[in-house]
Amino acid sequence: MADKGRPVMRRKEKKNNEPTEIKKEVKNGGNNDEADASAAEAVAPNDAGQNGRNGDFQVEPMELPPFEIITGDRIDPLVFQFQFKNVEYSSGRNKTFLCYLVDTGKADEGLQRGYLEDEHTGSHAEEAFFTQCLPHYDPALKYTVTWYMSSSPCCACAAKMAEALKARRNIKLSIFAARLFEWEEAEIQAGLKALHIAGCKIRVMKPLDFSYTWDTFVENEDQPLNLWADCKENYEYYHERLADILQ
């Protein structure tokens, strides 16, 4: 899930390390009205729409294209290093990246692999996985699914996933999350517990998991991942928080 910026940030990354093209938004639904109005005003000439008797400017509403789920085989290395960095309450990380492996037990088919990236306007990546990556679900097969996520699910996604796992007992899901999304919130904790009860294995990504994800899902040109200095410390912090939630 996207992380909300907070006034006090325990492990906030320095601003000069954040890509300038990434805009801050909230995955659970933000106020896009002001952004839309600003965009419309930016493209309107200064004297556009001045048709009122009192000389008031009237800006024509601007329709923005809908955001969609992005799918692919490998992630850009700079995007991965920014989005998967396990700092806490980090601003600017406004998307969810979900890297997946699917094993159906069929030796001739091998592993299904790829990633999903959401834009937070339509379906979230977690929900989109079941519709886009398992469109031909077969109840006769046994699915072993592994996700490596930039952050853990929001409460809405957690509830939907728990119901999906209860209905599809032949799917075994393991989630490795770089960060815990708003883990202090009671509804988030309840969602993670519900997932755990439904049979989902939830873990925080260790340093070795970051390296594995880099090798498996990133267009790295055979270059190794240089882990950030506090990667292990941040893993231990999130690991303790998750253990407290799921106990």
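Any Cβ shown, glycine's included, is placed from N, Cα and C.
Bear in mind that TrEMBL entries carry predicted annotations, made automatically and left uncurated.
Summarising the annotation, TrEMBL assigns region 'Disordered' to 1-56. Under the heading compositional bias 'Basic and acidic residues', TrEMBL lists 15-27. Per TrEMBL, compositional bias 'Low complexity' is recorded for 37-48. Here TrEMBL flags 75-194 as domain 'CMP/dCMP-type deaminase'.
Secondary structure of the domain 'CMP/dCMP-type deaminase' (75-194), assigned with DSSP and counted as helix (H, G, I), strand (E, B) and coil, comes to 38 helix, 28 strand, 54 coil. Mean pLDDT, taken over the domain 'CMP/dCMP-type deaminase' (75-194), works out to 90 on the 0 to 100 scale.
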